[in-house]
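Asks: Structure in structure tokens, see below.
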């Protein structure tokens, strides 16, 4: 509310001044002057700051009668009136200006008056381009036969978008024009509300602590009951089907570290629950294999099923609806100020979720092929790398708003599965793959290629050795100083490269099937792998091949219903929370190494296809096949 005081104060003072002028003219008996003054007010472009009259002027006169000059003059008037000092208001008004002009263009197209669109661009095209380069693609709309069927313009022809514009403009004008009349009462009300909210938050915090204590007690009681049942099962030979068969039985305290048995509602049946999600009977990574790699860490006493995860506590959440097809990738920039999101229709959008942040870098990039990888330059927000399914690698300069380099992988390796920039040197690595027969999912790719590129010359420097006919590399990551590169493959192997020598120095089998994502831990003493077998492992780098933490993620991973190349995971800035994609509308957030409790994200309306964490804050991104991207700040 304080932000609006200066604008609202100007309008209130203006109305007050008008009343003073009227009183003065009446007092002096200047009736002719009074009549002229009232007549002039009647033709006032601001319509006496009455919301309904302003909306009628725009949507019933200027737009239907194609009075573009009057419309633009009105928009300039309100920009001067409302935003002479407030930069945040300037950004909001600029967005509304763009939307109103696009509404004018769409109306002209629907009315068969493309000449009015051409006329508008002839007169004001240069001015529009100087404000926003996104107008460049709109210059083609009068020459497109059916623009309403084009992905870029389709949403603007919808009734929903038109209604949303009317509502947004009405709400904005109402807040701006009428805010001063209730400003003083609102101040008192806001003060009371702040006190009430503070008290409510305090009560909620108390209740939350009490609830967590009760949940802990409940889990402890459940664990004790399960353990008691296990002891009975292990000591009662008559009820043990393994008794006398030579197979070892599980009982007593030792059982608590490996397996717990809980009774189901059907008498006589028992469903095993495994500590840390390890299920030897249904996983492709067997117990014997884990033992060969080393003892598994983080076998705490408390276990929580993912469906019991509490919903994440949210400070704020913003939803971006600029895409018209499922989201394939989304990434925070190096500072976290900007977001890049891509959809399967080959469109990349750059945007900001913070209303106080400048929107000068906002852009839409059309790549002509499905986007398979996105990567921001590590040292700044200046460059965005885009990898496509047709072998293209584009470098987009966000300040210049143009593609500064358009690279192409060889025709042999058209699928650019991942891109990673070095955190130290001006280089990046591309993981590309050839296409095998059949569909384009992760299991139908061919051979791999790892190429190192120079970001100054934009030329390939070297191809990292992978051996003859290597399986596709799905994910790569650098360590903090860029000296090590980890690469995960579809055969379940992790490959480690010395970047100064350009050679592979070690590697080990991490999963019995494809690895979808790989990440260095925050302290870089470990590395995380996400497999399509539904397992998440954290591997020690000091004791190679030893698992120090793991989770069973299989309930969120259903390859039969997944239409995307790979699932992915992201670590928060502290390295304590691991966010993973999901075939369900919610995604799990695992607590790394600590207690077994996790959280669930707020639901999208479809599967969550891509995730990322803010580089410094507890804020995360989720992109979904429902075409939306959400920015969520944890409370």
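Each Cβ is built from the backbone N, Cα and C atoms, and glycine gets one as well.
Note that the structure is predicted; figures quoted are calculated from it, not measured.
Quick paste from TrEMBL:
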- 63-177: domain 'ARMC9 CTLH-like' (DOMAIN)
- 197-224: coiled coil (COILED)
- 271-282: compositional bias 'Basic and acidic residues' (COMPBIAS)
- 271-304: region 'Disordered' (REGION)
- 283-302: compositional bias 'Polar residues' (COMPBIAS)
- 320-361: repeat 'WD' (REPEAT)
- 467-521: domain 'Anaphase-promoting complex subunit 4-like WD40' (DOMAIN)
- 508-543: repeat 'WD' (REPEAT)
- 601-635: repeat 'WD' (REPEAT)
Asks: Treating G and I as helix alongside H, and B as strand alongside E, what does DSSP give for the repeat 'WD' (320-361) in helix, strand and coil?
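Replies: Each residue of the repeat 'WD' (320-361) counted once, the result is 0 helix, 17 strand, 25 coil.
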Asks: Could you give me the DSSP helix, strand and coil counts for the repeat 'WD' (508-543)?
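Replies: DSSP composition of the repeat 'WD' (508-543): 0 helix, 20 strand, 16 coil.
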Asks: Go ahead and report the DSSP secondary structure tallies for the repeat 'WD' (601-635): helix first, then strand, then coil.
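Replies: Tallying H, G and I as helix, E and B as strand, the rest coil: 0 helix, 18 strand, 17 coil.
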Asks: Work out, from DSSP, the number of helix, strand and coil residues along the domain 'ARMC9 CTLH-like' (63-177).
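Replies: With helix first, then strand, then coil, the domain 'ARMC9 CTLH-like' (63-177) has 90 helix, 0 strand, 25 coil.
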